[in-house]
Amino acid sequence: MVDRDIVDDLFVVATRELRTVVKTPSLVALAGVFAVSIVGVAWAGTGGSGGFVPLTLDLLTFVEVLIPLLAFAFGYRSILNDRLTGELDMLRTFDVDRIAYVGGVYVGRAMALVGVVVASLFIAGVLVPVLTADQPTFLAQNRAADSILRFVRFVVFTGGFTLVALAVTLAVSAAARTLRTAFVFATVLTVAFVIGVDTALIAGLASGVVPQEGIALLFAASPNSAFRGLVLEIAVGVVSGTSVNAGSTPLNAFALLLWWLLGLGIAVWRVWSPVGWNDDGGT
Amino acid sequence: MAVLSPSRVRGLSVVLTVILLFSSVSFALTPTNGEDLQPVPFDDTVGGSSGGGVDVRQAEEEGFVLPRTEVFFSNYRYVVGDYGIGETASKLTNPGTERQFGTPLAIYVSDFSTVKPTLSEEGFVVSENGQTVGWTTATNASFVVNSEARVPSGSTVLPFSNRADAKRFIQAHGGRIVEWDALGETVDDPLQSRLNRFHNEMAARHTWANKTVVESRAILERPRSIVVGDDAPNISAAIAAAQPNTTVYLPPGTYETDDLTVNKSITLAGAGNETVLRGNGNRSVVSLRTDRIAVRNLRIDGVGDVGSRRLEMQNGSGNWTTKVRLAYGYGDAGIILDGADSSVISDVSIETNASGIINRKSNQSVIDNVTVYGAATSDDGFMGATVIGARSVVQDSTFVDGRDGVYTHRADGSVIRRNQLEGGRYGIHEMYTSHTLVANNTARNVGGGVLVMTGPTDNLVIGNDVRGSGFGIDPAGSDSFYANNVLVNNGYGMRATGQQNAYLDNIAVSNDIGIRAGEIAPSNWFIRNDVVDNDKQVESELGPLRTWTHRGIGNYWGDLPLVDADDNGIYDRGYQPTGTVDGRLGEVSGAITLAQSPASALLRRVRDVVSGIRNSGVIDTAPRSDPFHPEQIANARANRTRGDAA
């Protein structure tokens, strides 16, 4: 029974979040910009008109930079706004479970975000057969050179990476008590993910502080590097022309999962003070 | 917002989850990898479909076997087929190959364990009862090198899947066994060995032409035996009366003739432009029908106006070659050489609405210092000089208007040099013609300077200068050398196409399109060229992204706003002349700013990765900051006028 209530509540909150996203012009505009960027890369680069693997490689860096930013924009105010406007307190009078609330916010925002990301990539993927020039039919095709499977894998990884980035942003939104803190925290995390961790690692390697045997492990610690490693290893694979050794796949996958759990865990834990635990009573 | 009810959102979330889960099936499915790849019919491979070079034709005719390879690369959409095991091994050790095609996922080689190989007298490999040679993977095979087995162009390597078979072969024919990994290191840089051969061949062909011309000079200076008008009433009577190896002299004047035939080894000499041989406007003017005839120092007009007897002669059977020979070889001309070996036409001027000179199967003949004025339009006229089925020399001559200046059909080994071609359709037009030297010709205001068609091999097109024309040079075929040509102010300078051709040290200046890239398999070398001031530097048509750099040597694309920080004469980053942004560098305001944008930089960074399956285009990974041939560029820029006809 309790589970049913939580799930129902979760989707009520999720619906409310989706409505908020749809009614926020800046988010809609941002989603549009993202979609245009992705399709633009497919259109302007030499990859989109070549094949799925080149397109994946063209998109990888753009996606890796844009998704944390997009997740930041979609998530950093979500819980915090409710807190600042007093809606959070009001919701709590309905005896909403914290998992239902945080989960609802997450599911609602994630649906919008993942929807935008996957749809954009889908359009970019559809461009491949459209843009690819006519190929001579009298030649035997080398089936191993390119495969749509590899691009689909990339889309799935990107979806997962989006979910992780949003979870981390949600944790910031739940933990922060003022807009300024949330903004600063989210910015710092985004910058750290996009360039900070990797730069620190390179600096560490250069100075000898980080042993090179530790690269795989430390790269896995950064969601961006873990995502990049997975795409290069599993999606692009040997097709990239060099023997792939893009870090440890299980380690990378595990790290992303850990970040996801950590983000959501912190959000659930920090969404309202432990007093709330006591109020909820005997669960 | 009734659209977004909780139940609908729940449904939507299920849909999204299902999509992601369904997509995850892609992890369970394995994309094709190296082990799944099986050999394809050799004719369907890139390289195999092109028919190959001389060795291949000879092998087909004489029924011996050439060892072949099929390579599946990680970054190349098609299967690369090749003749010669050593060549493939060498190519695979070249770092440029990996950059262009990626890593080899599967390498198949001819498996001589599937047949019983014997050697012919020449050392060519013959399979017993003409059995088809099967395939085996390269890593599986033992390779016999340094045995008595040969292919026409040199030694060859034979792979056997069964080591015992290889040992048995060695017992019979010598040699030793080498494994695949060691094989590549035993072979040289394929470009360097080619260039050496090209340079030797160029010298050899010039030498042959020089010798042929010197021999022809001897028959130009035969003692005078008959003077037309004094010793004989007309030319026919003079020829009839003349002793072989003497000169029939035609003093100044106009000589009306009707299908004059020379069937004696004599020299027909005039007094220059004042001696005019005038046909009756019907059929050809002079026909040479035996060896060692010379025609010199006179003028010819009154040629019939039938360029091609295509229609009247084609009612019979015969293949296409016969039809071309009949159609193109039996039109009206000023002079016909028909089986007239070692003959020479020198210092002759011809006015014609059909052909100037037609050489049918007259080997070692020379056309030297001849001027042909063709019809005003190419549709009305025909060829200046046609060479069919003969190895001969056309040099120091001028061909004005008409259709094609020099047209060759199966004229293997001919040398066409230092001619001037003005107006008309094509300057030099080679069909089914291999082993030629086309050197130091100049073409102005033609539809195209040099056009090579029909997949020949081993042609050398060197030092030609084409300006103000539809195109400069349009090659075809394989294993040929296009070098030191100057192409200015044409519709397009040159096409880079065919297989295993080397395009070196050419200069394309101020053309509408500098270079057109049109090969499906990027197997050509395009380096040390200066491509500057063209409206569009490179246009690419078919095929994947090509790398026009070999072992660190690229081309000069003009003074690009790029950085050469280490001052080594090579810009620090690769240049893509076909690129949306790079192609406009230095020409369009703001292009450099756009090129520096993170988006451009990002796309540029990944551009070289998997280039073999990217969209058609050209990249130079070592673009030069200084021209290779600065003086010639300066000269081209100073004399870039379109010419008279424009």
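Every residue gets a Cβ built from N, Cα and C, even glycine.
According to TrEMBL, the feature transmembrane segment maps to A:26-46 (among others).
The feature transmembrane segment is assigned by TrEMBL to A:52-74 (among others).
Listed as Cβ neighbours of the transmembrane segment (A:110-131) (distance under 8 Å, sequence separation of 6 or more from its ends, same chain) are residues 14, 17-18, 21-22, 27, 31, 34-35, 38-39, 41-43, 48-52, 55, 59, 63, 67, 70-71, 74, 148, 151, 154-155, 158-159, 162-163, 166. Here TrEMBL flags A:110-131 (among others) as transmembrane segment.
Remote same-chain partners of the transmembrane segment (A:151-176), defined as residues 6 or more beyond its termini with a Cβ less than 8 Å from a stretch Cβ, comprise 52-53, 55-56, 59-60, 63-64, 67-68, 70-72, 74-80, 102, 105-106, 109-110, 113-114, 117-118, 121-122, 125, 128, 182, 185-186, 189, 193, 223, 227, 230-231, 234-236, 256, 259-271. TrEMBL lists A:151-176 (among others) with the feature transmembrane segment.
Under the heading transmembrane segment, TrEMBL lists A:183-206 (among others).
Annotated transmembrane segment per TrEMBL: A:226-246 (among others), in sequence order.
Sequence annotations record features per position, and here TrEMBL assigns transmembrane segment to A:253-272 (among others). Within the same chain, residues 79, 88, 92, 98-99, 101-103, 106, 160-161, 163-164, 166-171, 173-175, 220-221, 223, 226-227, 230 sit at least 6 positions outside the transmembrane segment (A:253-272) and bring their C-beta atoms closer than 8 Å to a C-beta of that stretch.
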Positions on the same chain near the transmembrane segment (A:26-46), where near means CB under 8 A and six or more residues out: 54-55, 58-59, 62-63, 66, 70, 73-74, 112, 116-117, 119-121, 123-124, 127-128, 131
Contacting positions for the transmembrane segment (A:52-74) when only residues 6+ beyond its ends and CB under 8 Å are counted: 21, 26-27, 30-31, 34, 37-38, 41-42, 45-46, 109, 112-113, 116-117, 121, 124-125, 128, 145-148, 150-151, 154, 158, 161-162, 165-166, 168-169, 186-187, 189-190, 193-194, 224, 227-228, 231-232, 235-236, 239-240
